[in-house]
There are 2 protein chains.
Amino acid sequence: MTILIKNATVLDLKKFAAVENDILIEGNKISKIGVDIEVNEKENLKIIDGSNKVALPGLINGHTHVAMTLFRGAADDLPLMDWLNNVIWPSESRLTGEDVYWGSLLGIVEMIKSGTTTFCDMYFFMDEVAHAVEQSGIRAILSRGMVAIDPANGEKGLKESVDFIEKWQGKANGRITTALAPHAPYTCPPEFLKDVIWEAKRLNVPINIHISETLDEISIIKERYGTTPVRHLESLGLFEVKTIGAHLVYVDDEEIQILKRYQVGAIHNPQSNMKLASGIAPVAKMLEAGVLVGLGTDGAASNNDLDMIEELRTASYLQKVSSMNPEALNAKTSIAMATSLGARALGLTEVGLLQEGYKADIILLNTNETNFYPRHNIFNLIAYSAKGADVDTVIVDGEVIMEKRQLTRLDEEKIKFEANKRGLKLVAG
Amino acid sequence: MTILIKNATVLDLKKFAAVENDILIEGNKISKIGVDIEVNEKENLKIIDGSNKVALPGLINGHTHVAMTLFRGAADDLPLMDWLNNVIWPSESRLTGEDVYWGSLLGIVEMIKSGTTTFCDMYFFMDEVAHAVEQSGIRAILSRGMVAIDPANGEKGLKESVDFIEKWQGKANGRITTALAPHAPYTCPPEFLKDVIWEAKRLNVPINIHISETLDEISIIKERYGTTPVRHLESLGLFEVKTIGAHLVYVDDEEIQILKRYQVGAIHNPQSNMKLASGIAPVAKMLEAGVLVGLGTDGAASNNDLDMIEELRTASYLQKVSSMNPEALNAKTSIAMATSLGARALGLTEVGLLQEGYKADIILLNTNETNFYPRHNIFNLIAYSAKGADVDTVIVDGEVIMEKRQLTRLDEEKIKFEANKRGLKLVAG
């Protein structure tokens, strides 16, 4: 299939320019961006009218537990341990693979409809998540979360992870890649982490891990190892493997240098960190130091949505107020964190920019709503007034998976029905 | 016209209950809420299907400069004084009444489409704002902003304000009420404020004023009067008049008690305070003390939208993270700040609740999108995952002004065209 998007306002996130252009997609790649592109082969050509629309790279949700949409709003405004002990963990203990499948689809629908084309996930029953990704047409880095407080659990998790990686790495035309996901330094002892590092090197996959999310974690690591989470992980050699580190709320200047040196992808999750009262990550500082900072929603149970446009806005505003500097984390950088920079944070090389040769992961924003007027500055409008509902068309890997807000591959009604039924049952017990 | 909404999930914000019910609207009032309401008079009866919809009181935007939508995104990420000196003030100096009229309509369309039914405004050319309110069908408290650093300006402003109040108070079937709006304690000297207080008592209108928005303001007031803004205004007797105070970012415990004692409406503007790096208001503390806290967007130039659902979510998350307490400002209280409590903050007595005898200011939210699944808890879903675009129907003063997202009174395309043209011209100079 060849797709030609005509006369869209195309965002160039390298030069930070917006130019009216056509985009030609051949196979799963962007083959040309330019004015009045002519296509000889008219068969199998799909033309999309891009006028009054902005084309930007699909958004990249760097940290999720996508099936947790099942628990969205089940209990909010609770202290973290009450929430986990009384709601989330009992519900999760009842989870089946089928539940995870439908919960993942619900989250994927929500992400597609708000412009996300790639997400990085850590959860259980990952075969089911992979099936959902395969069917939906979205791109994902998938990893089975491993907790190794009980060594037997760790061993089981690592074995399942390796099986999962061997089964799914590169599948769905490369839309699915995988990672190893030790949950966090406080739930995975050093010996286990060393095994994980060894396997990650052997399998050539990144490590996806929560780091320095709460003050409690900082205390635990200090007590156990006499140091901080980032230093602890560095000393274990974990960062020798490409690492995707979620949260990094509590990091000092020296730790920021460590993250920079190893090119750790630091995934900031502002709404989750705010809602769970975890704290405020020093994102402006990390960016200034040259850390690869991406952006994530975390699970919908602690967000409570998977809307990356809302997330990038919150990221910007939170940095401004926490640093008392209105210039902090500007519109362009916020957009980059959700696209080009977010891709680099995850170690993805061919997504995150609209550029010839890159994978055709493209979204078109409708600019008809009042929040897009006046047209002073398209970057400011996208960062500070656009909405998820403005996303009109979503293309992933050269395939249109949403057009005029209609999903082309998935049965949205059935997914809502199944996920609703299962979510309610899981929480009721 | 009689309107019957059938089988909606009706939110009771006094008992915080959600019950499937019908709502009968006769004239501009809610005349009955109950199961299977029968209407004898079938003529002039409009029936609205409320199934799969949530009915809640229209949202109340307690602080705006609505025509500033003209400057949305014109310049962002700037230090406050650069932004004012180089962009906003030069542009505002070129404003005409017609510009304000179209800019107000643009903002009103945006508010209606995201569920706001009442807003409290402070700006210039208020006759034009009033015309826009009258035509649009929305409800508003309107006030002409007065700056009195130059006494002649103050005098002119007060005269225009009095004329405006005499002309518009109670107009549009009571949808328009008015206030006196001295801009702030640092831009209005004590003698001028005393004149304003005297006029407010004479005319029986509230005072709408910015208070304690920035640390700069705190320094100025300290230097000039040796005290804080709230104490300064109290000592002038300003709070003897019903006061709507915007921002109140910097208030200590004793000032919170003053606000409580005088029933000052404290309008919190979290996104503006974050974006301009003004600071974080102690909202959780104010609520605990019993202050009437409402919620506002401020102008779209510093927000950058007029979306009260996004605003109430941000308010909650910001309090949680700034107080490091996930229980702070819970879902129900956040919704109340945008509705029932917000109405009380503004001194409005018959809006903000769905209750027999109250004015029929009602919105219906569509619950079809994925962000409304699963249906664990409707309050959590509204506060933490609903979107402005989920607003389906808007009724103000017993009249449907939006149905299935189509405005019934306004020509949205013309408004966007005019506001865009004027906004671009004003900023270009």
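For all residues, glycine too, the Cβ spot is worked out from N, Cα and C.
Where the annotation comes from TrEMBL, it is an automatic prediction and has not been curated.
All protein chains considered, the CB of B:His210 (Zn(2+) binding site) has 25 other CB atoms within 10 Å. The feature Zn(2+) binding site is assigned by TrEMBL to B:His63, B:His65, B:His210, B:Asp298.
The substrate binding site feature in TrEMBL is assigned to B:Glu92, B:Arg144, B:His183, B:Glu213, B:Asp298. Classification of B:Glu92 (substrate binding site) by DSSP places it within a helix.
Summarising the annotation, TrEMBL assigns domain 'Amidohydrolase-related' to B:55-400.
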Exercise for the section: Could you check the binding-site residues B:Glu92, B:Glu213, B:Asp298 and say which one's CB has the most other CB atoms within 10 Å? Expected result: B:Asp298
Handout entry: Residues flanking the Zn(2+) site, with Cβ no more than 8 Å from the Cβ centroid of B:His63, B:His65, B:His210, B:Asp298 and excluding those residues themselves
Key = B:Thr64, B:Met122, B:Ala246, B:His247, B:Ile267, B:Asn269, B:Ser272, B:Gly296, B:Gly299
Exercise for the section: Whole-number Å only: compute the distance from the Cα of B:His183 (substrate binding site) to the Cα of B:His210 (Zn(2+) binding site). Expected result: 6
Practice task
Between B:His65 (Zn(2+) binding site) and B:Glu213 (substrate binding site), find the distance joining the two CA atoms and give it rounded to the nearest Å.
Solution key: 15
Practice task
List nothing but the one residue from B:His65, B:His183 whose Cβ has the fewest other Cβ atoms within 10 Å; the candidates are the binding-site residues.
Solution key: B:His183
Fill in the blank from the handout: Between the C-alpha atoms of B:His63 (Zn(2+) binding site) and B:Glu92 (substrate binding site), the distance in angstrom, to the nearest integer, is 19
Problem - B:Glu213 (substrate binding site) and B:Asp298 (Zn(2+) binding site), distance between Cα atoms, whole Å - result: 12
Exercise for the section: Count the Cβ atoms, other than its own, that fall within 10 Å of the Cβ of B:Arg144 (substrate binding site), considering every protein chain shown. Expected result: 26
Handout entry: C-beta crowding around B:His63 (Zn(2+) binding site), within 10 angstroms
Key = 27
